[in-house]
Every structure is written in structure tokens, then in C-alpha cells.
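Following: one structure in C-alpha cells, then a few remarks.
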């Protein structure tokens, strides 16, 4: 009799995805970030669910409900700290995952890649609406500034902003709908992640060489199930360490002050994981131009497969493209730093240069280098 995991309609899907899945034998630790993202999502949904049991989405009580969670709810402080810092780990894993895809040419699985970009946008949206919920100063002013950007769209802009606010300013209606979105979107992300996996399993995983690995596959379990488990343990150690020892390290002190529409904080800035995009937004003096640059800073990822010119898949054997890749990484770090600085000389100029380099690398330098490497190797 055949094994139940191979015959049962539900179990055979799980079996095909996590047990008997043929995986390349040489995928490195860079291939762990995908499963870590799954772990992050589960952690965030669970901690978020328990927080939602005690949170009230009303401007008069939101801030104090979080104080209540941290003071009076059993382990509420821990649940909140894990949820707040879990978001940071989520984005660390996301950026590593995208970087791996870019370095090794995994973006040539176009459906998987494009759904991945959609997942990135959904996660950014979820994190943004989530940051508004504590109703601190940075929550309120962040919501005001970022939603206000939509008013840059010609003709419909102002109507659009008021429609999102549910009134003429960021108020109770805004907080209530943001809570609704923040509760709903993670489940949309979970659904999209399943589609992401479905498309990935149509082709199988890429590997560090970028060559076809059909001749050398191993079963996912036990090899990569244990490798993933090691990643899980290491990440959870990191997450618990930061949640227990310095939970406010990555937060903004302004958010410990309840929202006050009459007092603007000296520096309005988002959480660290959005600073690179915020720097690109601020580097353009025109409002609509800034908004479009902000959108395109993420959507440019969708152009990466189209702009792939090399005859080789990954950057493993391409030293010139490697230099450009690490230049892009350095450039993103510079943008992240600039995003947290005040709008004054020399930061404005550095931000504009870094933003120009960011788009030039994606749209000009990487495609040209791929073409050049083909020429050098006489691969016409």
C-alpha cells in the first residue's frame, strides 16, 4: 500500500512542497531567507492576533491600550516587543531574499519574481499601516505625510487623500480603517506566498552556479528541512535577544509621545527599513516626481528580468557585475543613512547623487555590463 502522504489529497501537496521535493544539492545559506520569511510571517500573525485581542482602534484609547498591553496583560510587553522587532527581522530577510534573487539571477523565473515584488509591496503597505496603530507622534505625522503624497496626483489627488483619510484630516476614521487593513493584509500576504511557492515549484529552485541541477537533486527532507531549522533557531535567538535586551533600539523616541496634531516632530522619518525609499522620495524637489520616484524605486525590480543581457544566469562567474551588485548594496546603505538625516546641506546633495546612482545601476550599468561580459567572452 502506498504511503498516505503520497495519496491523501491534502498531504500529497505538503509532501510535494516540503518533504519529497527535489532540491539542488548545492543551494547555499542564501536560500534560507525564503523559509525565514515564512517563519517571520507566522510569528507576526500570531503575535499580532494576541495584540489585537487587547488593542482598541480609537484615537482616544489606542495609545493607552498599548500601555495597558505592556503593563497589565500577561507577557503583553514580550508579545509587543516581538511583534515590533519581528517587523525589522521580516524586512532584513526580505532584503536578503531580494538581493539573493538579483545576485544569482533567480529573477529569470519571471512569475515567481513578479509575485515576489507584489509581496514586497504588500508587506511595505502592511508595515506602514501597522506603524500608525500605536497613535504616537511619529505614527500620526508619518500617516499624515505619506498619505498626503497621494495629493500630488493630478485632478484626483485631493479627493483621493480625503477618501483614504475618511475626512479632512488623519482622524478616528483613518485609524479604524488602518487597523482593518493591518489585520487583513497579512492573510493576503500568506495567500500570495502560496502562489509564489506554486510558481517556484513549477520550475524548481535556482542554485549558486546558475546551471541546470536536474542531474544532482536531493530530497528536501531531511537535508533542507534541517538546514531551515538551523536558520529558524538562529533567527529566533536574534529576535528574542533584541526583544528582551533592547526592544526600543530600532524604534523612534517620538512615538512614546501620544499623537498631537498641533505639534510637528522636528524630524519626520519612517522606520529604518523604509529610509532608502524615503531618501529617494526627498531627493526630488517636485512633489509628483518624488512620489513617482518612490514608486519606481520598488517597481524597478520588475524591469530586472527584462534588462538581463548576460548569457550567464547569476553573478557567480561575472566579476564586473559583482562589483556593480555590491555598489548597489553600498548605495542602498548610503540612502538608508541619508533618509534618517535632516533636509540640509550636504545631505540633500548626497541623497540626490545616491538616488541617481541607484536608478543608473538598475537601468543602465547592469544591462551594459552583462552585454560587455558577453563581448569579452566572445559570446555573441
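Residue 1 is the first one shown; counting continues down the chain.
Every residue, even glycine, has its Cβ placed from backbone N, Cα and C.
As recorded in Swiss-Prot:
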- 83, 182: heme b b562 binding site (BINDING)
- 97, 196: heme b b566 binding site (BINDING)
- 201: ubiquinone binding site (BINDING)
- 33-53: transmembrane segment (TRANSMEM)
- 77-98: transmembrane segment (TRANSMEM)
- 113-133: transmembrane segment (TRANSMEM)
- 178-198: transmembrane segment (TRANSMEM)
- 226-246: transmembrane segment (TRANSMEM)
- 288-308: transmembrane segment (TRANSMEM)
- 320-340: transmembrane segment (TRANSMEM)
- 347-367: transmembrane segment (TRANSMEM)
Problem set entry | Contact between the transmembrane segment (226-246) and the transmembrane segment (347-367) (3 or more Cβ pairs under 8 Å, separation 6+) | no
Exercise. Tell me which residues of the chain lie with their Cβ under 8 angstroms from that of residue 196 (heme b b566 binding site), as long as they are six or more apart in sequence?
Worked result: 112, 115, 116, 119
For this session: Compute the C-alpha separation of residue 182 (heme b b562 binding site) from residue 97 (heme b b566 binding site), stating it in Å without decimals.
Result: 23
Exercise. Under a three-state reduction of DSSP output, how is residue 83 (heme b b562 binding site) classified: helix, strand, or coil?
Worked result: helix
Seminar exercise, completed: So residue 83 (heme b b562 binding site), by the Cβ count within 10 Å over all chains shown, scores 20
Exercise. Within 10 angstroms of the C-beta of residue 97 (heme b b566 binding site), what count of other C-beta atoms is obtained when all protein chains are considered?
Worked result: 22
Exercise. Cβ pairs under 8 Å with the transmembrane segment (178-198): which stretch of 33-53, 77-98, 288-308, 320-340 has the most?
Worked result: 33-53
Problem set entry | Most Cβ pairs under 8 Å with the transmembrane segment (347-367), selected from 33-53, 77-98, 113-133, 288-308, 320-340 | 320-340
